[in-house]
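According to Swiss-Prot, the protein carries these features:
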DISULFID  175-186  disulfide bond
DISULFID  203-298  disulfide bond
DISULFID  276-290  disulfide bond
DOMAIN    174-300  domain 'C-type lectin'
CARBOHYD  76  N-linked glycosylation site
CARBOHYD  168  N-linked glycosylation site
TOPO_DOM  1-37  topological domain 'Cytoplasmic'
TOPO_DOM  59-306  topological domain 'Extracellular'
TRANSMEM  38-58  transmembrane segment
C-alpha cells in the first residue's frame, strides 16, 4: 500500500516536470525568426563587402596598368632622348672636325699666297666654304639646343603626370603634353576648325574650357601664338546676356571688342543673330554665327602650390 502511494506521487511529479519543461510555442517561433533575420543580414553584409572588395580591386588593377603604361612611355622617351643626343653630338663633332680641317687648309694656302698671287681666288673660296660650314654648325647647334629644351619639357611633363597619377589625379599640377603653360594656366591651340558648341564640348572632354581672357597680358599672349587666325573664345550670349563659360563676371571683366561690336548682325543669311565671340585677324573680338567652323583655344587652370 505504501509502495503504491509512492508510485502515484512519483507519477504526478513526472507529469509536472514535463509540463514545466515545455517552451511556449510562440516564443520558439520568435527565436526562429530572429535567427533568420540575423542570417539574412549577415549574408547581405557579406555580399556588400564582396562587391566593395571587387570594385577596389578593379580600380587598383586599372591604376597599376596606367602607372605601368606611363612608366613605359617615360622609359621610351628617356631612351630616345639619349640616342638623339648622342647622334647630334656625333654630328657636331664631325662638323667641327671639318671646320678645323678647312681652317688648316686656309692657313696653308695663306702661306702659299705669299709665294704666289695666283692662289688668292682659292683662298677666298675656301674662306667662303668655312663661313658656310660655320653657319651650318651654328644652325645645327641651335636646333640641338631647341630639341634638348623640348625634350626636357616633355620629360618634366611625364614626370609630373606620373606623380599626379600616383596621387589619384586629385589636382592638375602640370600641363599635359602639347599644352603650353602661361601664368598659372595651360593652353591648347587647335589646328582645325569646329562650330562654337563643338569646340566648347571638345574642351570640356579635356577637363578644360574654351579660353577665358582676363587681361590685356593674356590677350597679347594668345594673339602671339594664334597669329592672324580667326579663333573662338569662351564668350557667348546664346541664353541671354553675354557670359564667360567659366562663370567669370563679364560686366566687371576685361573686354577687347572691335569698334561697333558686338552688333548681333542678322544680314549674314544663315538665320538668327550672332551669339558667339571670336578673335579677328587683328586680335580684336567680334560676335558671329556660332555654327561657323573656326579654330579654338582650350584653357586649363593649374593647381596652386599649397
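Note: Cβ is positioned from N, Cα and C throughout, glycine not excepted.
Locations of recorded Swiss-Prot features on the structure.
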residue: 76; record: N-linked glycosylation site; DSSP class: helix
residue: 175; record: disulfide bond; DSSP class: coil
residue: 186; record: disulfide bond; DSSP class: strand
residue: 203; record: disulfide bond; DSSP class: helix
residue: 276; record: disulfide bond; DSSP class: strand
residue: 290; record: disulfide bond; DSSP class: coil
residue: 298; record: disulfide bond; DSSP class: strand
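Look at the disulfide-bonded residues 276, 298 and count other Cβ atoms within 10 Å of each Cβ; 298 has the fewest. Annotation for residue 203 (disulfide bond): spatial neighbours 209, 210, 234, 296, 298, 299, criterion Cβ-Cβ under 8 Å with sequence separation of six or more. Using CA atoms as reference points, the recorded positions 76, 276, 290 were checked against residue 186 (disulfide bond), and the closest is 276. Neighbour counts of Cβ atoms within 10 Å were compared for the disulfide-bonded residues 186, 290, and the top value is held by 290. Here residue 175 (disulfide bond) is positioned 20 angstrom away from residue 76 (N-linked glycosylation site), judged by their C-alpha atoms. Look at the Cβ of each of the recorded positions 76, 175 and count the other Cβ atoms within 10 Å; the largest number goes with 175. Here residue 276 (disulfide bond) is positioned 27 angstrom away from residue 175 (disulfide bond), judged by their C-alpha atoms.
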